[in-house]
Amino acid sequence: MTSVVVVGTQWGDEGKGKITDFLSADAEVIARYQGGDNAGHTIVIDNKKFKLHLIPSGIFFKEKISVIGNGVVVNPKSLVKELAYLHGEGVTTDNLRISDRAHVILPYHIKLDQLQEDAKGDNKIGTTIKGIGPAYMDKAARVGIRIADLLDREVFAERLKINLAEKNRLFEKMYDSTPLEFDDIFEEYYEYGQQIKQYVTDTSVILNDALDAGKRVLFEGAQGVMLDIDQGTYPFVTSSNPVAGGVTIGSGVGPSKINKVVGVCKAYTSRVGDGPFPTELFDEVGDRIREIGKEYGTTTGRPRRVGWFDSVVMRHSRRVSGITNLSLNSIDVLSGLDTVKICVAYDLDGKRIDYYPASLEQLKRCKPIYEELPGWSEDITACRSLDGLPENARNYVRRVGELVGVRISTFSVGPGREQTNILESVWSNI
């Protein structure tokens, strides 16, 4: 029994897709356990970029099983489109498995998402308007439609009529918006269900059988710990649990079967949307990092907010997600800076604190306390070992590991697979 969970330790966009793709080489099953098509990940293979939103990164290994678990909310339209995109690029998808217990995102979820966000005005959360939150709301309210329901014509029709009637009352009475028509949704989405039917199964059985057989299973999280609905910067969070604990709920695999948790982070910090960001940069350094790091959302295309590396955030993520190994990405983006900074603590009303407050009001008053390190001017994109890095870059990597309190297993100096350097195999000693 061998399993590794990959989680983002910041606000998403840390490079999880790349690391998952990298670790997939030694895995036999790769599974997603939460989120939806609001999460975008980019994988570079032979200098070609592939952008995925729902399908696990392991799909590019045709001999491995890729799983969309029960904790994922699935937009069938987006999924069919993504499958067509992969087929058009010559990628086979016969190795995909989709949980019959996963909940379905329908047009009324997306419409409600937009209406709710518009109604918030200046207090908007910054949702991607993909219907994720409303779909999870229906799931919690026990009125959601699952993949198993989508495949049954009579059941889907019955539940869609009930849900649509309720949502239309909401649209008309609360939001003064036009209702949606049953006939505009039913046939289209039932057909999507038929197109993905071949992939649908009880994925909990597949995952547990694989683990019991001693196979290597890799769990791929979406978003990041700081967007976790319980442990993140609430309410500026997603509607699911990206933390490693989300695996047990979102995949149907018990906690006793999780061996290691790899936390993925960038050598700086970024975030899309609104919410607290203590180390955010508003100067030329921030603009430089954004442009060199190509910090624009995979899903939204929006410019990401960027800032210095925050070890307070990272220690919080380590604690609540049980991180055992760290993967540090995008060190090359910091090349050329005379000085690089790491936030080591916060100043809250004149008091030094080393924890991440739950209160948004306190977070607004938190000022980062920085440790400054000398930068490096060398191009490090061809470095293939820690010793190959310039001394200042090497010291930066080591200091990150010390402040977070987790050993660094891999570090990356560029987006390519070959630019990921192994310091310690996460698959060993399990």
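Note: Cβ is positioned from N, Cα and C throughout, glycine not excepted.
Per Swiss-Prot, the feature GTP binding site maps to 12-18, 40-42, R304, 330-332, 412-414; the stated evidence is sequence analysis.
The IMP binding site feature in Swiss-Prot is assigned to D13, E14, G15, K16, N38, A39, G40, H41, T128, R142, Q223, T238, R302. Mapped onto three states, the DSSP output places Q223 (IMP binding site) in coil.
According to its DSSP assignment, G40 (IMP binding site) is coil. Around the Cβ of G40 (IMP binding site), 20 further Cβ atoms fall within 10 Å across all displayed protein chains. Residues or ranges marked as Mg(2+) binding site by Swiss-Prot on the basis of sequence analysis: D13, G40.
As annotated by Swiss-Prot, active site, proton acceptor applies to D13, with the evidence given as sequence analysis.
Within 10 Å of the C-beta of H41 (active site, proton donor) there are 27 other C-beta atoms, taking all protein chains into account. Per Swiss-Prot, active site, proton donor is recorded for H41, and the stated evidence type is sequence analysis.
In the three-state DSSP classification, R302 (IMP binding site) falls within coil. For R302 (IMP binding site), the same-chain residues 6+ apart in sequence whose C-beta sits under 8 angstroms from its C-beta are V272, G273, Y296. Taken from Swiss-Prot, the feature substrate binding site applies to T298, T299, T300, G301, R302, P303, R304.
For G15 (GTP binding site), the recorded positions whose C-alpha atoms fall inside a 10 Å radius of its own C-alpha are H41, out of N38, H41, T128, T300, P303, R304. Within 10 Å (C-alpha to C-alpha) of R304 (substrate binding site) lie the following recorded positions from D13, K18, H41, V413: D13. Listed in sequence order, the binding-site residues from K18, P303, I331, V413 having a Cα within 10 Å of the Cα of G40 (IMP binding site) amount to none. Taking the Cα atom of each, P303 (substrate binding site) and I331 (GTP binding site) are about 20 angstrom apart. Secondary structure at D13 (IMP binding site), taken from DSSP and collapsed to helix, strand or coil, is coil. Within the set of binding-site residues (T128, Q223), the lowest number of other Cβ atoms found within 10 Å of a Cβ is recorded at T128.
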